[in-house]
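Pulled from TrEMBL:
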type	residues	note
ACT_SITE	H69	active site, proton acceptor
BINDING	D70, V73, G75, D77, S79, E90	Ca(2+) binding site
DISULFID	C38-C120	disulfide bond
DISULFID	C71-C76	disulfide bond
DOMAIN	28-195	domain 'Plant heme peroxidase family profile'
SIGNAL	1-21	signal peptide
SITE	R65	site 'Transition state stabilizer'
Amino acid sequence: MANLGWLASLAAAAVVVVALGSPFAAAQLRPGYYASTCPNLETIVRNSVRQSMAQSQISAAATLRLFFHDCAVRGCDASIMIVNSNGDDEWGSPDDQSLKPQGFQTVLDAKAAVDKDPQCRYKVSCADILALAARESVVQSGGPYYQVELGRYDGKVSTKSSVVLPHVDFNLDKLNAFFSGLGLSQTDMIALSGN
Ligand code: HEM
């Protein structure tokens, strides 16, 4: 569980989450993925996240947590942002009910800002925008900068039943098992938890 110490360990934490990528994406992630299609991407997302943070003090923390909840289920594919017509959405699962709307709003606003740029319109995956918005949330909160590799594909599957997230009553064995299932070590878990 992240407490106020989350900022101190965000560099390690975010790098680990970013490294998770998506097991379902075929693309090779790289920093310059949008260099020709959307050269101002990182500036656009940075400015948008700054605006979100000016509107709500909790938007940065909410966005980082949203990124963790997305990455832990089917990889970092923005599946948590999907709204299905049948109402069976990942974000609707009981484990996601304490996610704050400000995190979703931060990502939606960043996506709107990206798509407003004629060069970038509809060329950047929501998964990459979420990853960049999480990084900017860290940096704009006073945390360290880290490079985000890009080129994630957006997921198409989002179901409540696919959500498996750690609970507050998990003991160490259960926490270790959960993070191990994501390919992460106990050291990674401690860094991510920010305690
Ligand atoms: C280790 C297992 C984890 C558990 C059991 C856990 C659980 C929780 C719980 C219960 C809350 C409070 C939600 C509420 O407001 O009611 C919370 C908040 C938060 N968590 Fe975690 N968490 C875990 C790991 C992580 C990780 C890995 C990250 C990100 C790297 C993260 C980021 C956050 C943030 C930023 C908040 C505060 C923002 C908010 O409440 O919207 N957590 N977590």
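We count from 1, first residue shown onward.
Each Cβ is built from the backbone N, Cα and C atoms, and glycine gets one as well.
Known features from TrEMBL, placed on the structure.
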residue	record	DSSP class
C38	disulfide bond	coil
R65	site 'Transition state stabilizer'	helix
C71	disulfide bond	helix
C76	disulfide bond	coil
E90	Ca(2+) binding site	helix
C120	disulfide bond	coil
Length of the line joining the Cα atoms of the residue listed as 'active site, proton acceptor' and S79 (Ca(2+) binding site), in Å: 10
Under 8 Å by Cβ from V73 (Ca(2+) binding site), same chain, sequence gap 6 or more: S79, I80, E90, S162, V163, V164, L165
Within the predicted model, mean pLDDT of the domain 'Plant heme peroxidase family profile' (28-195): 96
Annotated recorded positions R65, H69, D70, V73, E90, filtered by Cβ under 6 Å to ligand 1: R65
Using Cα positions only, nearest of the recorded positions to C71 (disulfide bond) (C38, R65, D77, C120): D77
Between D77 (Ca(2+) binding site) and C120 (disulfide bond): CA-CA distance (Å): 19
Cβ neighbour count within 10 Å of S79 (Ca(2+) binding site): 26
D70 (Ca(2+) binding site) to C76 (disulfide bond) - Cα separation in whole Å: 6
Rounded Cα separation (Å) that holds between C38 (disulfide bond) and D77 (Ca(2+) binding site): 19
Distance [Cα-Cα, Å, rounded] between R65 (site 'Transition state stabilizer') and D77 (Ca(2+) binding site): 15
Number of other Cβ atoms within 10 Å of the Cβ of C71 (disulfide bond) across all protein chains: 26
